Amino acid sequence: MNYPADMVPQSWLWIAGVLYAVALLLAIRQIAWQQYLEQPHRAHVFLGSSVALILLWQITTTRLPGLEYHYLGATLMTLMFGWQRALIVISLVLLGLIYNGSSDWQTYPLNVLVMGLTPILISTGILRLAESRLPHHVFIYIFINGFFGAALAMAGAASLAAFLLLIAGAYSPDQLAYDYFPYMPLMMFPEAFITGMFTTILVAMRPEWIETFDDARYIQGK
């Protein structure tokens, strides 16, 4: 899922630019940047995660141009940092891809909205729903937010990416039905497995790295 500039209308890029600017401004205003000055290790985790995700996004497979599959990691970043910092991470990742020539700068805002903000919002919604409706248990946190949340976030981002290219006339419904949607489960499972695995490891070994995880809520007294 990485739109080339010649596959989408120019007007979409302007609209995406405005929407991305609004989302980025909201995220920046809500981030407590002072934490990184007072606790430098948080900045190290943040930057290290960004670099790691840039490397993971280099591993792609392509069935249709513009709809490449790669690990998103948006759910994991949301669980680790919250939606605001997760959006910053995805923004940095896509800037890295532009720098090495793997992505077009013209479609940068649209790519961030589709591959970043969409799965981030889905993951945040699932997290909020689980917190309010489900028992506060560590296994529920891991499986609902880590596994199920990542799979649903990937499905949402992949479906939106295909739908936009369908509207743009880049692909026909038959092309997508034959060459893209049948492979969506193969995209969802690795996303869920990798995210769930890292969530499990971090909860067990470095729970302080996951800002949405609270020992007092999910472990103590259970």
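Every residue gets a Cβ built from N, Cα and C, even glycine.
Predicted, not measured: the structure shown is a model, and the values here were computed from it.
Pulled from TrEMBL, these are the features on record:
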TRANSMEM  12-31  transmembrane segment
TRANSMEM  43-59  transmembrane segment
TRANSMEM  71-98  transmembrane segment
TRANSMEM  110-130  transmembrane segment
TRANSMEM  142-171  transmembrane segment
TRANSMEM  183-204  transmembrane segment
Legend entry - Considering the transmembrane segment (142-171), which listed stretch of 12-31, 43-59, 71-98, 183-204 counts the most C-beta pairs under 8 Å: 183-204
Inset, instruction - With a Cβ cut-off under 8 Å, give me the same-chain residues at least six positions beyond the ends of the transmembrane segment (183-204) that come close to it. - result: 63, 69, 71-73, 75-76, 79-80, 138, 141-143, 145-151, 153-155, 158-159, 210, 213
